[in-house]
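Have a look at the structure below, then the notes.
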Amino acid sequence: MTTVDLVALRDHLRPVAVALRERALAVDADPGALHALLDAGVLPYRQLGGFPPGYLDDPLRVRGVPVLVRTCVERAVVAETLAWGDASVVVGAPGPSMSGVVVDDLADDEQRDRFYRHVAQPRTWTFFGLTEPDRGSDAAALETAVVARGVPTGGATADGATEGGAAADDGSPGAVLRGHKKYVGNVARASLGVVFARHRPGPLGVGVYLVDTARPGFDAAPLVTTGMRAVQLGEVRLRDVPLRPEDTLGRHLSPSRRGLLGAVRTFNRLRPVVAALAVGVTQAALDYVRAARSSFLADERLMLETFDDRLHAARALVLQAARGADADAADGTLPAAAKATALDLAEEVTRAVPALLGPGARWEHPYLDKLVRDVPGLEMMEGTRTVQRLTLAQGWLQGRARHVELV
Ligand SMILES: Cc1cc2nc3c(=O)[nH]c(=O)nc-3n(C[C@H](O)[C@H](O)[C@H](O)COP(=O)(O)OP(=O)(O)OC[C@H]3O[C@@H](n4cnc5c(N)ncnc54)[C@H](O)[C@@H]3O)c2cc1C
C-alpha cells in the first residue's frame, strides 16, 4: 500500500501538465521538438522515471516527502496528471520507462545496477522490444530468435535446439539476436533496452535480453505515426546482434519465473498506467470543450455530466487496478478491466466532443484533434480492448475480481 499523498502528488504535477499542454502541438508537429521541451526544463523526467533508491541525488519531493514513483499507483497518478497535457510525452520521455518495469521484475542485482546506472545519465532513452511486424505482440509466437553465431536463418537456436528439439540453457557465449521488431517506442534514440526473443521452442522458450543499441547489427529507424507522436515509434532489425550470458534477464530465476511467464507481471503493472493515460486524455477533452464554449443545451449538458460521472468511475477503477497490481502483479484481471473501461470512455468522449464545437472543430481546435488521434495509440499500447476483455473474462470465470462491474 502506498503512503504517498496522491492528491498532493497530483497538485504538485499540475503545473508540469500545463507546461506540456503549452508545447503539445509543437511536439505533435515535430517529435524532434521534444528536445526543446527537455531543454526548457519543464519536465522533471528523471525524478518521474521510477529509479530505485540510490540512483538519483534529487528525488521528487511532494510536501517534503520523497516520492520515487516506483509503485503502480504512483505511476498511474503521474501518468494521468501529465496526460492532461500530453500523453505522448509521458511515454516518449527519456528514462527507464517500460523496460524499467521488466528489469525490476526479472533482473538480478548486477543487471539492475547496469541498467539503472546507465539510464540515470541525462537524456537516456530506453526501449521495450516485443512487437514484431508479422507476429504483433503475441509473445508466444515470436520469430526473433537467439541463435548460435554463424548458424543460417532457420537453423539451431543458441542452446542447440532446432525447431522442436531439446533445450539447454539460453544466452550461451557466441549467441546472437536475429529478427525484426516494429512499433517499438523510442527505439531509434534509445541506448539500452530489452528484447523478447525465442531461444527454444515451447512456452518456456522466450527470454528477455538486456541489449545496448550500440552493438553491431542493431539497426533502428523511426516510423511516421498519426498519433502519440512524441513516442517516436520505430522498427529495429536485429542482424546477429551479439549477446553475452549476463544479458539474459532473470538468469538467477527458475525457467517458469523468467522470460515470457515472468514478464506477464510486467504487463499487468503497465496496463493500469496506460489506462491512466486514457483517463488524463479524457479529462483534457472534457475540460477543453468547456473552456472553448460557455453554454450548452440541456441534452449536451447531460451528455457531458454523464461523461464526468463515468470518468470518475473509470479513475477509481484505474486506481483500484493499480493497487491490485502492486499487491499481486500475477493477477491481470483488474488491469484488463481498467484498460478496457478507460479506453471505451476516452474513445467515446474524444469522438463526441468535437461535434460540440461545430463542423470544423478538429481543424479549428488542433489540440482536440491531437487528442482524437492519440486515443487509437493508447488503444494499441499493452493490448487492445478485445484482448483485455478476453483476460477479464478468464479472470471472471476463475472467480477473480467478482466485485468489478463487467465492462
Ligand atoms: C503508442 C504505441 C506505443 C507502443 N510501444 C511499444 C513498445 O514500446 N514496444 C513494443 O514491443 N510494442 C509497442 N507497441 C505495439 C503494441 O504493444 C501492439 O501493437 C499492441 O500490443 C497490439 O498488438 P498486436 O499488434 O499484436 O495486435 P493484435 O493484438 O493482434 O490486435 C490486432 C487486431 O485484432 C484484434 N484481436 C486480437 N485478438 C483478438 C481475438 N482473440 N479475437 C478478436 N479480435 C482480436 C484486436 O482487437 C485488434 O483490432 C506500441 C504501440 C503503440 C500504438
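Each residue, glycine too, has its Cβ placed from N, Cα and C.
Under the heading domain 'Acyl-CoA oxidase/dehydrogenase middle', TrEMBL lists 128-241.
For 258-395, the entry in TrEMBL reads domain 'Acyl-CoA dehydrogenase/oxidase C-terminal'. Looking at the domain 'Acyl-CoA dehydrogenase/oxidase C-terminal' (258-395) alone, the prediction's average pLDDT is 96.
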Helix, strand and coil totals (DSSP H, G, I; E, B; other) for the domain 'Acyl-CoA dehydrogenase/oxidase C-terminal' (258-395)
119 helix, 0 strand, 19 coil
Report the DSSP secondary-structure composition of the domain 'Acyl-CoA oxidase/dehydrogenase middle' (128-241) as helix, strand and coil residue counts.
9 helix, 50 strand, 55 coil
